[in-house]
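From Swiss-Prot, for reference:
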MOD_RES   VAL1  N-acetylvaline
DOMAIN    2-146  domain 'Globin'
MOD_RES   THR12  phosphothreonine
MOD_RES   SER44  phosphoserine
MOD_RES   LYS59  N6-acetyllysine
BINDING   HIS63, HIS92  heme b binding site
MOD_RES   LYS82  N6-acetyllysine
MOD_RES   CYS93  S-nitrosocysteine
MOD_RES   LYS144  N6-acetyllysine
Amino acid sequence: VHLSGEEKGAVTALWGKVNQEEVGGEALGRLLVVYPWTQRFFDSFGDLSSASAVMGNAKVKAHGKKVLNSFSDGLKNLDNLKGAFAKLSELHCDKLHVDPENFKLLGNVLVVVLARTFGKEFTPPVQSAFQKVAAGVATALAHKYH
């Protein structure tokens, strides 16, 4: 991902304020509600029958936190996202057979949740930087599919 020094600073500063459990749980929950076909990868999570069931599901929240922990690791390796996400790409491609388009969807949902969480602090330039990072992570996760 090619970010200016200013963009890297904005991403790092805002990310330092992110509650990974809350934001991750909400982002994954919203993904499962807004794009219900993504639920097929989470059969073991129990009740996903309604928006309130999804958003209150402890397994969704826990996995959302795990997703953001990985995203956080990626932020430490912006110059080598493909390397940082190689094992996760392999897992999602070879074992889980996740449609790589879902990574883009999750990245966009994450940006929505960050905007909702941080309000005015999530300025258009900050959003632009996060969109670049989310796209870079999605590309890195899709790498093993090619």
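Placement of Cβ uses the backbone N, Cα and C atoms for every residue, glycine included.
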For LYS59 (N6-acetyllysine), name the DSSP secondary structure in the helix/strand/coil scheme.
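For LYS59 (N6-acetyllysine) - judged by DSSP and reduced to three states - the answer is helix.
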Look at the modified residues THR12, SER44 and tell me which residue has the greatest number of other C-beta atoms within 10 angstroms of its C-beta.
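The most densely surrounded of these modified residues is THR12.
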Which ones, of the recorded positions THR12, LYS59, HIS63, have a Cα no more than 10 Å from the Cα of SER44 (phosphoserine)?
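Checking Cα-Cα distances against SER44 (phosphoserine), the recorded positions within 10 Å turn out to be LYS59.
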Where does the residue listed as 'phosphoserine' sit in the DSSP three-state scheme?
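Looking at the DSSP assignment, the residue listed as 'phosphoserine' belongs to a helix.
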State the mean pLDDT for the domain 'Globin' (2-146).
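Here the predicted model's pLDDT, averaged over the domain 'Globin' (2-146), is 87.
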In whole Å, how far does the CA atom of the residue listed as 'N-acetylvaline' lie from that of LYS59 (N6-acetyllysine)?
31
Would you mind splitting the domain 'Globin' (2-146) into helix, strand and coil residue counts from DSSP?
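Each residue of the domain 'Globin' (2-146) counted once, the result is 118 helix, 0 strand, 27 coil.
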